[in-house]
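S.K.: What TrEMBL shows for this protein is this:
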REGION    11-191  region 'Large ATPase domain (RuvB-L)'
BINDING   Leu30, Arg31, Gly72, Lys75, Thr76, Thr77, Glu138, Asp139, Phe140, Arg181, Tyr191, Arg228  ATP binding site
DOMAIN    61-192  domain 'AAA+ ATPase'
BINDING   Thr76  Mg(2+) binding site
REGION    192-262  region 'Small ATPAse domain (RuvB-S)'
REGION    265-353  region 'Head domain (RuvB-H)'
BINDING   Arg301, Arg320, Arg325  DNA binding site
Amino acid sequence: MSAYEQAGEAGERLVGAAADGEDLAVEAALRPKELGEFIGQTRVREQLDLVLRAARARGATADHVLLSGAPGLGKTTLSMIIAAEMAAPIRITSGPAIQHAGDLAAILSSLAEGEVLFLDEIHRMSRPAEEMLYMAMEDFRVDVIVGKGPGATAIPLELPPFTLVGATTRAGLLPPPLRDRFGFTGHMEFYESAELERVVHRSAHLLGVEVTADGAAEIAGRSRGTPRIANRLLRRVRDYAQVRADGVVTRETATRALAVYEVDERGLDRLDRAVLRALLKLFGGGPVGLSTLSVAVGEERETVEEVAEPFLVREGLLARTPRGRVATPAAWRHLDMEPPPAAAGGQEGLFGT
Ligand SMILES: Nc1ncnc2c1ncn2[C@@H]1O[C@H](COP(=O)(O)OP(=O)(O)OP(=O)(O)O)[C@@H](O)[C@H]1O
């Protein structure tokens, strides 16, 4: 098992998007508390603002909301904001925690009127629980099955109106009947660098860290479009600034600190660069099969495919083609290497296939 697998995506990976233990401990303090404080996601924010204002004006419970997007983009934060804007309590659970319909019935039947139920990773709920949720969302009712076999009876249970906020990294994985029961779906996008700079400034202020404009820009540029990563890099740069400098986060301290952690100016870490380097140096930029590339890097196939490649593809550094993995011209430039003329010409036709 490779180091990356042992650590998990979150574990030791400074640029992993999933939350690690330290993130969970500090994130509560860094979360924006109201819609106006939430940075970026302009479209989702405006749409949600309308949904919530209208519900408030009607004195009604807000429609069910589905939030889709990559980890660390602010889905949990938005669900808490929804509850705060509706002056409602919130209950937080996740799909994998609800394996039996009974688990869900217990949660639903204990909700207060208007409460927000945040269901993270909703695509990972068990089938029977999912079916129970259909009726709960639509009619605010569940059938609780009592007994077994031919003697089993369904006892209908009325629920108070509530707002379900479902979060998923993969909206496409949700069965259409579930997707259709949400009144509003918000697609969260990766953040622009300027937005992440604002996230860094805001978090630095809350953490009592002094950060210069170019220091924030340096961190933002390495954060892979993800606020969670921006906050994590800020904490590591703050440590460095305290120990090796005067405590102020400048471009120079950020650059030196993140060199220690092997996060480069574009947010690639050691694994990402190892994959690119193998692809360029050993295979002339490809095409090369995933298995061969993984062996060359000394990582499991799944680690290369699921941990490193998505970001490399998103950054336009690597392309997955039917003939194998191919480096783009940007990958050569990123590692300061000259593409061999034949390879560069040969690869052009591979992109977009
Ligand atoms: N728009 C934003 N403005 C400021 N900070 C943000 C924003 N979005 C997210 N954050 C910060 O990023 C961190 C991660 O956000 P959050 O937990 O809401 O992400 P998530 O999408 O729910 O992740 P996951 O899918 O892993 O649960 C939080 O600490 C939050 O403070």
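Glycine residues also receive a Cβ, built from the backbone N, Cα and C atoms like all the rest.
Annotations in TrEMBL come from automatic prediction, not curation.
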S.K.: Taking just the CA atoms, what is the gap between Arg320 (DNA binding site) and Phe140 (ATP binding site) in Å?
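M.R.: Phe140 (ATP binding site) has its Cα 45 Å from the Cα of Arg320 (DNA binding site).
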S.K.: Write down the Cα-Cα distance for Arg301 (DNA binding site) and Glu138 (ATP binding site), rounded and given in Å.
M.R.: 43
S.K.: Find the longest CA to CA distance in the recorded ATP-binding set Leu30, Arg31, Gly72, Lys75, Thr76, Thr77, Glu138, Asp139, Phe140, Arg181, Tyr191, Arg228; express it in Å as a whole number.
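M.R.: It comes out at 37 Å between the most distant Cα atoms.
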S.K.: Could you check the binding-site residues Leu30, Gly72, Glu138 and say which one's CB has the fewest neighbouring CB atoms inside 10 Å?
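M.R.: Looking at the binding-site residues Leu30, Gly72, Glu138, the Cβ with the fewest others within 10 Å is that of Glu138.
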S.K.: Within 10 angstroms of the C-beta of Phe140 (ATP binding site), what count of other C-beta atoms is obtained when all protein chains are considered?
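M.R.: Looking across every protein chain shown, the total is 16.
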S.K.: Can you list the residues of the same chain, besides Arg301, Arg320, Arg325, whose Cβ falls within 8 Å of the DNA site's Cβ centroid?
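M.R.: Going along the sequence, the neighbours appear as Gly289, Leu290, Leu293, Ser294, Val304, Glu305, Glu309, Gly324.
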S.K.: Where Tyr191 (ATP binding site) and Arg325 (DNA binding site) are concerned, what is their Cα separation in Å, rounded?
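M.R.: Just about 27 Å between their Cα atoms.
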S.K.: Tell me the Cβ neighbour count for Thr76 (ATP binding site), meaning other Cβ atoms within 10 Å of its Cβ, over all protein chains shown.
M.R.: 21
S.K.: Work out how many Å separate Gly72 (ATP binding site) and Arg301 (DNA binding site) at their Cα atoms, rounded off.
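M.R.: A Cα-Cα distance of 24 Å.
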